[in-house]
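Asker: One structure, as structure tokens, below. Some questions next.
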Amino acid sequence: MAQTKESNSPPLHAAAARGDLGRLLALLGAGADVDAGDPLGRSALHYAAAFGHVDAINLLLNRGAAVDAADDVGRHALHSAVHSGELAAARALLDRGARADAAAGAGRMMPLNIAAYRGDLPMIRLLLDRGALKDVSPEARIVSLLHAAAQGHPGALDLLLERGGSQMVAHDGGSAVAFAVKQGQAGTAMTFARRGAEMPPATQLFEVQDAFCRLLQMLAADVREASSTRFNLQSLVVGAAGQMRRLQVAEGAHEQLLLRREEEHARRLQQLEEAHARRLLTMEEAHARRLLAAGYAEGFLTAHRMADQLENLKVWVAGRTNHSTDIVAWLLKQDTWACRQSELLSSGGASGRGRFWRGVADLCAQVTGLQAGYNVAAAQAGGGAAGLPPMTRSDVLLLNAIGDLLDIIPAISLTKTGRPGPHPTDAVADPAAAARMAPAALRAALADRGHCSVLIRLAGDLSDIYMGHTAWFSFSFMIRIFKFYDLDDRRSSFSSYPGMLSSLDDFYVMPDSDQRLVMLQTTNGVMDKTLWSLVTEHSLLAWQRVRLANALARSGEEWVDFVGRHNSGTYNNQYMLLDLKRFRPGKAIEPGLLWVVEQIPGYQHSEDVTRLLELGYFASFNVPFFREVYDKAGFGKFTTAMAARGLEFEEAVEGASYQLAARSQIFRRDAGSVQSLDGLKAILRSNGFKAGDPYARGHPGNAVCARNDLDPIKPRATGCTDGKVTSYHAALEGRSWAINGPTSEQGLPPFSWGRGLPFSGEPHRGQPVKFDFDWQEMRP
């Protein structure tokens, strides 16, 4: 069970989630039904178990709660405790009669399967000690082993084999290996063989291996086994160049597999979406099908992560707006318009317009494939606590529009109510609402609007360029995937998220010889609510325009032109384009090396700002660089109005000033010291509020890498969530370095989703409890 916001839960369930015994007693005394379900059928006991409140569990059971009460998909409270990693809660439920071998849903998912999937060794030991494998079938035992192997948990796999799996494998080895292969777990099959199992007849394996979906399953096992178990930024290469010819796995395996029998594969893909496939036949059929295949592969391989990301996203959206249904309708209208326009306008031959709209058609096909691949994986995973629900097209559109939602939400609210919405980051753009905010509220709203820091630093001897980015956002979005795409002979690598076909951050490296581009981005947003009235569905979203520009542009100047076409007015950003073809180490830099473009609803401004690099660096920190954009976006009017309220208010909104913002001052002071990638890593992860940095003024949000969870006045789960860096020489090879999670530099504690914190109820399904990782190299 995901840890859902209390405000979305019935009173009894909310009290159980908080472990509020007094409130539980009061509600039960007033006649509340102890086994009542929430909209998903989950009882208060499910909530107490998911949040690890042992006293609340015992109180509810003492008041008659059914220990084996099931939600709408058959999950018991024990499933919830195991899914959340709450060992004490699981032990308490088992002590009170919960069955360790309880199976839930169509997939007959046992708590042990969930613990194996998570690699939770203490939980696995507890469940095994309580008889989780005592009376289950050999097939059920193998399923637990598969879950451990699929997620790259060798310790869990060894423990399961040691405590009962190994004996079963030796007893019926041939069928165990066949079962693993049919489930797509080649690594598990090899592990079984090493444990003494015999191989089944070769013809049996060939029949399975020859099928496309089974081949993708084998790839899924390879990806998961190759991924680092200590780092949450997995690398995934989905190559679809040359008639669906390869899927390449990064982070350890570096293997390329040839997909044979292409006609059969194409037929299978057509069956996924007949209506879409018929449209493809009238366009660039082979190319669009390759994008459909690439989307299918990514959806299949990352399905579990996509499900986690979607649940976290939906809770986040519900916390910002009451118009979720209208948002979904808006996205579907925009998708229909974009894909229909691509059908009508993509037949322009080699013309610019034809290439542009064929690119849109490719994105529509990739979205279709992503949904189809996910749903195939979901159907094979089945229901239950660790199962996967089906995903609609609107779900996939929502996943890809996370950045655009920052403006879609207030735009829809403005249409419905005349106001941009109640959330402070939206309300601050409404003069009437901003005038009612206290200085602390204004400072927090501006800090939470911040979305990323960027530093581009030219080496003093002109031998290299160092480029880095750190994302700022809700901590609910820290499930990360670093992706390498090779689509129709166009390569790119970028930091991303499950289910997203773009970066969001943005951080892209495009090393092809005719491109050699690096794109970085920070979000400016708008401070004038009237601009949101220009947002329209008959446009292309920011993520789509970025992908199109990446595919079509060969220079920074071309890129800024493509990204401005059919501007939706959503995800209003500053984009920085470095054209590395214009740089020769040790030589004077050439015009065109650095282009900057800024966009707001109805307006875009771009310039070649290479001359600024002659002074050594360019920094970006969520305030418009161009004065025209600054004024048109409402920043000037906003800061002037706040300054008129007094010095305290003027200081509170310094974050909206290009010269006075804390990061502006920090970069002016420290950028000159960056002479290497290690120096760039240090400044991008810096936060000196605890160490006494005068520019921080005692606020953890006044830093290059914000930690708003440490705000002593209003702690919240927002701020800096990662870091990515590259250099001229590394970018030419498609290499970069990345780290996941909030900073723990300069004496700050690692971030942890600990219970009892003011924001512990924020959605974070699928994330580790503690973020304490190291930088990792990302290479194709």
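Count begins at 1; order follows the chain as displayed.
Glycine too: its Cβ is placed from the backbone N, Cα and C atoms.
These came from TrEMBL, pasted as-is:
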- 7-39: repeat 'ANK' (REPEAT)
- 40-72: repeat 'ANK' (REPEAT)
- 73-105: repeat 'ANK' (REPEAT)
- 107-139: repeat 'ANK' (REPEAT)
- 753-780: region 'Disordered' (REGION)
- 771-780: compositional bias 'Basic and acidic residues' (COMPBIAS)
Asker: Could you break down the residues of the repeat 'ANK' (107-139) into DSSP helix, strand and coil, giving a count for each?
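Answerer: Within the repeat 'ANK' (107-139) the tally stands at 19 helix, 1 strand, 13 coil.
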Asker: Need one number: mean pLDDT over the repeat 'ANK' (40-72).
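Answerer: Here the predicted model's pLDDT, averaged over the repeat 'ANK' (40-72), is 93.
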Asker: What else in the chain is close to the repeat 'ANK' (40-72), if you only count residues 6 or more beyond its ends and a Cβ gap under 8 Å?
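Answerer: Sequence-distant neighbours of the repeat 'ANK' (40-72): 1-3, 9, 12-21, 24-25, 28, 34, 78, 80-81, 83-84, 86, 88-90, 92-93, 96-99, 102, 104, 755.
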Asker: I need to check the long-range neighbours of the repeat 'ANK' (73-105): which residues 6 or more away from its ends have a CB within less than 8 Å of a CB in the stretch?
Answerer: 1, 3, 41-43, 45-54, 57-58, 61, 67, 111-112, 114-115, 118, 120, 122-123, 126-127, 130-136, 140, 382-387, 769
